[in-house]
Amino acid sequence: MQKNILVLGAGAWGTALALQLAYRGHNVRINSWKAEHNEQMLKDNNNHKYLPSIEKFPSRLKAIQDWQANIIEFDSILVATPSSGFKNTILELKECILPQQNIISATKGFCHDSYALLSEIAEDILPTTKFALLTGPSFAKELANQLPTAVVVASKDINYARYVQELFSNENFRCYTTTDIIGAQVGGAVKNVLAITAGIAAGMEFGVNAHAALITRGLAEIKKLGLKLGANSETFIGLSCLGDLLLTCSDNQSRNRRFGLYLGQGMTIQQALKEVNNVVEGYFTAKAVYNLAKKHNVEMPLVFATYRILYEAADPRDIVKELMTRQLKNEN
């Protein structure tokens, strides 16, 4: 099943997925929204800016500049932009996408202006286009180096989810399917906020007891919000939520965790963002999750605490004291 795939978004994650598709035998073209980045990839046949461990692209992967003019060449479009650029990318696609083409999203987060799920944005703008989400515990560098990785493909259309599953899967990359596109998105987005929380705790040297508590109680918060939005309960103990949460909260390959770590060590937000020197999705997602939780009357103490640190200049030590002295209650 050889296909022609366009990848929009040439960060580490988009590039790693483009490599996976090329290793799988597909013809892949990748585009960066920065012209100079496209020129570098075309000239050097690599993406050393984001994936320096990959010396050269395989023969089936090449950069492309004017993708709109060449849209007819592709069977599927993979969107791997930051969440801030997702809506504009879908709007661009609306102007040129063909009826037989479909979309796969590898973006995690919520719409920055409306706090809507990204699938809702895609369905609103392109109501007749098939849409799937690829998500789960996966660092780009490890996937690019063909280390064993397992993820989830979520779509309302199970047959389309299975198509995407076949598109990507090989001996190094295993895709599972689900129709719970809401739960898969909520887990993948909110875990970025909690990774910041875990990083702050690590930076303040709170220890592994606190780390375990953050992951466990954080999972409970994700589940509460997800169920309110219409997700299935079982999704939250799967790869798209628990798996991704464990990975992102526990390893400094995560930009969100590193950002939190720097904050916990005393840096300001701007200093920490500069030190990470890449998109920190959880910083923006914290605002969306905070507003969604307030809108739906969902109690999320860890998310609210992180929001206060990020947007209200709250002192992390004061926040910890407040969290630990909240009214005692039953775990469930």
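Backbone N, Cα and C define each Cβ position, glycine as well.
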If Swiss-Prot gives LYS108, GLY136, SER138, ASP244, SER254, ARG255, ASN256 as binding sn-glycerol 3-phosphate, which of LYS49, LYS56, LYS191 does it give for that site as well? LYS191
Row TRP13 (NADPH binding site), column other C-beta within 10 angstroms, all chains, value 25
Calculate the distance in Å between the alpha carbons (Cα) of GLY136 (sn-glycerol 3-phosphate binding site) and VAL279 (NADPH binding site), and round it to a whole number. 18
I'd like to know which of the binding-site residues ASP244, GLU281 has the most other Cβ atoms within 10 Å of its Cβ. ASP244
Check VAL279 (NADPH binding site) against DSSP and tell me helix, strand or coil, would you? coil
Pairwise Cα distance maximum in Å, NADPH-binding residues per record: TRP13, LYS34, LYS108, ALA140, ARG255, VAL279, GLU281: 21
Taking every pair from LYS108, GLY136, SER138, LYS191, ASP244, SER254, ARG255, ASN256 (the record's sn-glycerol 3-phosphate binders), the biggest C-alpha distance in Å rounds to 16
